[in-house]
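Annotated in TrEMBL:
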- B:6-27: transmembrane segment (TRANSMEM)
- B:39-56: transmembrane segment (TRANSMEM)
- B:88-107: transmembrane segment (TRANSMEM)
- B:132-153: transmembrane segment (TRANSMEM)
- B:180-200: transmembrane segment (TRANSMEM)
- B:206-225: transmembrane segment (TRANSMEM)
- B:237-257: transmembrane segment (TRANSMEM)
- B:269-286: transmembrane segment (TRANSMEM)
Amino acid sequence: MITVNGIHVAFGRGTPLEKHALRGVDLTIPEGQFVTVIGSNGAGKSTFLGALAGDVIAEEGRIAIDGVDVTRWATPKRASLVARVFQDPMVGSCTALTIEENMALAAARGRRRGLGSALRGDRRRHFRERIAELGLGLENRLHDRMGLLSGGQRQAVSLLMATLAGSKILLLDEHTAALDPGTAEFVLGLTRRIVEENRLTTLMVTHSMRQALDYGDRTVMLHEGRIVLDVSGEQRAGLDVPHLLALFAKQRGGEDITDDSLLIG
Amino acid sequence: MSEIAFFGAVEIGLVYALVALGVYLSFRVLDFPDLTVDGSFPLGAAVCATLLVAGVNPWAASLVAALAGSMAGLVTATLNVRFKILHLLASILTMIALFSVNLRVMGRPNVALLMQDTVLTPFYGLGLPDHVVRPLVVLVVVVVIVLLLARFLNSEFGLAMRATGVNARMARAQGVQTDFHIYAGMALSNGLCALAGALFAQTNGFADVTTGIGTIVVGLAAVIVGETVLPARAMLWALVGCVVGSILYRLAVQLALSADAIGLQASDLNLVTAVLVAVALILPRMRLKAASKKREAVR
């Protein structure tokens, strides 16, 4: 479970470029819920995800994960509770290390890393079994460098890596934005499967309203650092992209906007 | 090249192999261009020589020298990680400071080891000539360290350190305390360089405050030569490459110096090294450019 109470984040305080990215966000995500987050460019989606992951520390407010106050925890400490997949496949993995080394790195998340071998026989076997589940034939390429994989393959492995350490919370930061539509579809399908199989509490930031409604069971819209829309259940089931746009426009005081301005970024 | 010159080159190559391993750790594993080694190498020599003159056990003296080098590495890491000073500048500051520290440690610019016992003493007089004994003893030390280091870099802790250098952001997201790994890696790197200094002092019979100049370039040259000769991805072979690179580099230098036709003097060593490293750094880029030009021409 994730509980966020009135968090504020600002960049460049006291400079002419000051940006108040989050202005009092409240959100409670019960265990096992899959929330999609949308919003226009600069709405604060990525900052919100960063605040949950520990990349940005909230100036005000409180963040609790499974009842533990993590507001002041830095990224490495929070990693014991939270798994992450980045937008850029290059950022989310070590391209110079092999696939199995990347997996070993992820499998030790939240544990003390000792001087024992990172790739013992039993662990190798476990990695081979797990990566075979992806159905990409990567089980025979464990010694290949991560950099040799395509973007889609790398995101698929990143998703798998997110489940290796057994944390219950998954943060997805536009993890299909850098992929072509077909590959994005595959990675999203895999995401759904992994989330369901592991019963993960998931937060997925996306730039696509379509994806936001098709995946998960709750959708949250951010605008100018605030949550302006929060739909789930039947209300959400009856929604389509045009409805969402209309709702969004209403929130903004009747301003007319197009899907494009939300899609971009 | 005479037999003595050959073994001499191998010996100095093996001593500097430890520097190469240290430089590999900082430059390649941590992606931290660290010039501290120009200070930690003579620091190791100074500490070891001073302790030997005071009658300390040679192995203990070498260990303390390595620890002193580790401290120097920690200073650089602290300046960079804690106080956000650019890594290159942080290491230059430590290096400059160490020059004074080394003079203080020795109390004078150089210390001669004439009658003192060294780690080599027990092995002299076992039937082998001294100029063979020295490289052999250093070789054993180097082999042990290469094996330990390979095991370390393949451990969970070592893997996290490698990830820190390759992709710090990802490493942090995987729960790696990247700052801590930079401290640990820098301590280890400079500890190795100081140990090299300690062995240098014992094999050559002196410690001098000026021996540190250009250590980083020599270490880097060894790493680059090693990567060219032994382009391996497995950790152990990459480390062996550093050792081989260091020996080959010394042999090449010895060959160049002993060939009278070229007219090089011992004092030209640093110039030759600098040119060699520059060429080694430029060549791959030129080859890449040539390859891409060829591709365009085909199109």
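Positions of Cβ are set from backbone N, Cα and C atoms, glycine also.
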Item to check | Of B:6-27, B:180-200, B:237-257, whichever stretch has the most CB pairs under 8 A to the transmembrane segment (B:132-153) | outcome: B:6-27
Next on the checklist: Is it true that the transmembrane segment (B:6-27) and the transmembrane segment (B:206-225) have 3 or more CB pairs under 8 Å, sequence gap of 6 or more?
Outcome noted: yes
Checklist entry - Can you name the far-off residues of the same chain, 6+ from the ends of the transmembrane segment (B:206-225), with a Cβ under 8 Å from a Cβ of it? => result 13, 16-17, 19-20, 22-24, 27-28, 34-35, 37-43, 45-46, 48-50, 95, 98-99, 102-103, 106, 109-113, 193, 197, 200, 241-242, 244-246, 248-249, 270, 273-274, 276-277, 280-281
